[in-house]
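Taking it in order: structure first as structure tokens, then the write-up.
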Amino acid sequence: MKVIVGLGNPGPRYAFNRHNVGFMFVDRFKEFKKCSTWQHRDRYTFSQCKDIFLVKPNTFMNLSGIAVIKCQRDFHVTTTDIIVVYDDVDLPCGRLRIKAQGGSGGHRGLQSIIDYIGTNEFVRLRIGIGPKPENIDLADYVLEDFTEEELRLIDKVLDKAVEAVDVMLNEGLSKAMSVFNSYEVVL
């Protein structure tokens with residue numbers, strides 16, 4: 001069993017924010033795989049596709065760890081069964097990167113997960129939302145909606161990200177990393 005957590009902020013106000021690309025990913029994955037309807041729990045919303053649970057925390061981004069530890073306990077999975085999908089301002093828009101483990105890179109949602117589950121040993125799929133213009137505060141940038149051009153890139157990246165997770169689940173992490181870590185979407 002695998003749990004794929006897409007990070008974002010709950011509510012329609014944030015739906016197309018750069019910070020919500022993790023939510024966009026699980027929505028796309030659900031659509032492609034024809035998963036069950038969303039079910040609501042105390043700290044998260046989930047959908048099931050066979051032995052895969054798609055999860056959206058109902059907490060705000062910086063408290064994502066609360067939702068992840070709750071779903072980890074509810075679904076009886078280890079941290080190695082968790083894949084976290086989130087935005088990365090240090091990665092250009094149009095790129096994705098898979099990592100087996102690592103630090104938070106300053107991402108507060110990811111840091112919250114590390115703090116709550118007590119380890120950084122879980123797979124993560126980073127989706128690029130950068131570069132951030134120098135004259136904009138980071139918090140303001142990630143909470144802005146994607147531009148039309150960025151949305152066209154993100155639309156294609158999300159398809160590739162679904163493919164990447166499919167390869168990861170069926171052919172292994174190493175194969176997915178070798179195929180998709182150098183991939184770049186161009187318009």
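Backbone N, Cα and C define each Cβ position, glycine as well.
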Say Swiss-Prot lists Phe60, Asn62 as binding tRNA: which of Tyr14, Tyr86, Tyr141 is in the same site, per that record? Tyr14
Sorry to bug you, but what's the C-alpha spacing from Asp87 (site 'Stabilizes the basic form of H active site to accept a proton') to Tyr14 (tRNA binding site), rounded to the closest Å? 13
Given the recorded positions Asn9, His19, Asp87, state which is nearest to Asn62 (tRNA binding site) when distance is taken between Cα atoms. Asn9
So among Asn9, His19, Asp87, all listed as recorded positions, which is physically nearest to Phe60 (tRNA binding site)? Use the C-alpha atoms. Asn9
Hey, what's the Cβ neighbour count for Phe60 (tRNA binding site) at 10 Å? 17
